[in-house]
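Right, one structure below, let's go through it.
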Amino acid sequence: MGAAAVRWHLCVLLALGTRGRLAGGSGLPGSVDVDECSEGTDDCHIDAICQNTPKSYKCLCKPGYKGEGKQCEDIDECENDYYNGGCVHECINIPGNYRCTCFDGFMLAHDGHNCLDVDECQDNNGGCQQICVNAMGSYECQCHSGFFLSDNQHTCIHRSNEGMNCMNKDHGCAHICRETPKGGVACDCRPGFDLAQNQKDCTLTCNYGNGGCQHSCEDTDTGPTCGCHQKYALHSDGRTCIETCAVNNGGCDRTCKDTATGVRCSCPVGFTLQPDGKTCKDINECLVNNGGCDHFCRNTVGSFECGCRKGYKLLTDERTCQDIDECSFERTCDHICINSPGSFQCLCHRGYILYGTTHCGDVDECSMSNGSCDQGCVNTKGSYECVCPPGRRLHWNGKDCVETGKCLSRAKTSPRAQLSCSKAGGVESCFLSCPAHTLFVPDSENSYVLSCGVPGPQGKALQKRNGTSSGLGPSCSDAPTTPIKQKARFKIRDAKCHLRPHSQARAKETARQPLLDHCHVTFVTLKCDSSKKRRRGRKSPSKEVSHITAEFEIETKMEEASDTCEADCLRKRAEQSLQAAIKTLRKSIGRQQFYVQVSGTEYEVAQRPAKALEGQGACGAGQVLQDSKCVACGPGTHFGGELGQCVSCMPGTYQDMEGQLSCTPCPSSDGLGLPGARNVSECGGQCSPGFFSADGFKPCQACPVGTYQPEPGRTGCFPCGGGLLTKHEGTTSFQDCEAKVHCSPGHHYNTTTHRCIRCPVGTYQPEFGQNHCITCPGNTSTDFDGSTNVTHCKNQHCGGELGDYTGYIESPNYPGDYPANAECVWHIAPPPKRRILIVVPEIFLPIEDECGDVLVMRKSASPTSITTYETCQTYERPIAFTSRSRKLWIQFKSNEGNSGKGFQVPYVTYDEDYQQLIEDIVRDGRLYASENHQEILKDKKLIKALFDVLAHPQNYFKYTAQESKEMFPRSFIKLLRSKVSRFLRPYK
């Protein structure tokens, strides 16, 4: 790779970091090392240290000695007269070391090198009778007026005014006065002083108190001249040596500046200088207005750091906390995600139940008292259906079985769908009229399914309404004939599958003519799919193409039977009529002149792509515009196409689904019920729980003693079983049955043995006194029997997505607790010339298990292969590291002990040319010194962006400079910038 290419790639590089338990290297297997040092077989010098090595040993001279280890000699630190071992007075060499001493009148400073003046006057006034005056390196005694100092230089003698002897106050000697034989006086000086030419004054020399110099002294004609040791400066007094910033930073904690009077200390932002003028004390910014932090303020040395409560993240201003919208992440919830301040909640679609915190599994309703079915129960995805044995068919309530030939007098005759056509201006338009039982299911923006009517009794299962039957049963007018079925596929060019109200005014139409004269249309399904198809020619734009798949079910009109045309004849005639109708429909659909009429509104099945619609027109069928969003009409309402708004269901109808175009007639024909009924139980007139009747409607009678019924509108009651009775009639639950023992949660009552039985593995029971256990949702199971809650149900599947550039591994049932005795193995094999970077945002493995649950990453399955990472503990701080091998074999195992949340570990593969840079970043402790940096490795959006750029550096240009600043803290960007700049330096 050329220098320019490397620079270009690295200038756009963003990277991550590491902390954690990483495996170290190991020696060669099979070799036994001999420790010569401990056995004393080495030949190191007595002043050397023996250090064992894998194959031999080596000798190192001790500190203070020089040589190659087998011969060592003392280093004379004092031999350099200029530096003098750093001693300002005298340097004394000792074997392997040295020490500093000071002249009389001085003492050694704490640094062991400098010499400070001793104030002798502090100790018994220096022995002076009257006045003691301290001086650098010495002191002198003085007397009060009228006295003079005696020869011992400590006591004072009263002066006389007579004569010229030494007792006279005017004898003129500076130090010592001696009387001469002739009666005169002679002056003398104390040791270390020379008598001046006037024979009275005394001149100081370097021999007394080091000449008054703190460090070095040199005698000159004018007296001692002072000097200072290296790195010290002479004070303006000409005697004292002051520290400079070159010596121990001038004694300053932080910043040192040399001045004429000595060093001046200062402190950086976040510290304040203490009264000693040298020490810096940290300022606790959190004491004032919480440091400006929204949530938490944590004081640090010289600064502070803001933190946020769980569920919030710190913005790049490093003060403000913002709620984390977990619902914006991929794979947060299986079905529905609802964000809330600091948290989120996962919900499941109807017929599913939540497990493992975020996952949705199908509820096996049949495991709960047989789904309340009278006979058989068949579980389906998101629902279930009751089935009946031969000779019986399902009641309108979808639970009870009634005789096939038995009519329900209160049930309405199923309204018929109708296919018809009309002409306007020579153009033929066709219509599908759905008077009732319309189901609209939008699969996607450009796909939907519309069904109209009710399948025949011998056809496939009843029309499903979000997993439940339509609630219709046989009526006295329903024909038991086998329906005629036909499937056709139509193609519409330049059209999209948008089911929208048809508002365009059409010319006056001729009367609509039915397409099927000799039959009844009982059920029609229309499935519309749109896709783009590229035209011939590279520059030709792609065109929208829609396909409509129609399935028809028709029944013959038995009332038209005659001697000349019996049942077979009528059926053949109906089939011919259906074929002709399909031909007519094909022409109509091809011209985009096909409409569906529901609840008085005509809808275009597919239309030409138009300009972007605004307002209500931008929403699909079954949706209305609220707060600039398209929202589906809720249960209890239907979409009124002409009004463009949601309309409540009329009394006598109900709607238990969202986004529908009509309401379903109630099974009762009395028109009772609530307006806006959300399910069939709100239709009115049904028997209440604990009661039943032949058709499920009033008048009703109470369930006899020994039976119960928990649901409304039923035709019978369930027996308690095992000869158990109830205290009274009209009971609604098995809990009303007088069982001989009261079972606790995790158990069910066996009516044969009259004992409580623990729920088997794979089931649970959260309530008291039940006669069944609930099967775990989906493909989950429990770790043990007797489970009391759905949270004990765990998915056994090992999660993850392994890609060449990015991917992740996930413990089973994450983020719920993983199951017992789980074993997962993943293999990461990156493309050539790429290396692996792994981030563990957090990992939860119970340490109480004595490492029974382990995650290990190695080169291969062999226990002796190179290990990159291994842990059996919980770490809530992020961990990141590069793989020690090009490929990774990863294993997770759990035992039967405690369980934990587990882990979700993302990884990225990067160009091996960046290996040095990545290693430099991930091994820098500053990456983890800040909680803000740690949160980056936990933020799924930021990790995704970082991995995107690491895997594909050119993708950096997707993120603007402003976006990068808004995504990452300044300190993080600064850290990366310095690393990248240093790495690029050789290429400049």
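Each Cβ is built from the backbone N, Cα and C atoms, and glycine gets one as well.
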Disulphide bridge to Cys308 as given by Swiss-Prot, partner from Cys293, Cys321, Cys327: Cys321
Second cysteine of the disulfide that Swiss-Prot assigns to Cys377, among Cys366, Cys388: Cys366
Swiss-Prot annotation, disulfide partner of Cys102 among Cys87, Cys115, Cys121: Cys115
Member of Cys78, Cys100 annotated by Swiss-Prot as disulfide partner of Cys87: Cys100
Dominant neighbour of the domain 'EGF-like 8' (323-361) in 74-116, 206-241, 245-280, 798-910, by Cβ pairs under 8 Å: 798-910
CB contacts for Cys78 (disulfide bond) [other CB atoms within 10 A, all chains]: 19
Candidates Cys373, Cys386, Asn789 (recorded positions) - the one closest to Cys50 (disulfide bond) by CA: Asn789
Composition by DSSP (helix, strand, coil) of residues within the domain 'CUB' (798-910): 3 helix, 54 strand, 56 coil
In contact by Cβ distance (the domain 'EGF-like 5' (206-241), the domain 'EGF-like 2' (74-116); 3 or more pairs under 8 Å): yes
Secondary structure tally of the domain 'EGF-like 4' (166-202) (DSSP, helix then strand then coil): 0 helix, 13 strand, 24 coil
Number of helical, extended and coil residues in the domain 'EGF-like 9' (362-402), per DSSP: 7 helix, 16 strand, 18 coil
Contact between the domain 'EGF-like 3' (117-153) and the domain 'EGF-like 4' (166-202) (3 or more Cβ pairs under 8 Å, separation 6+): yes
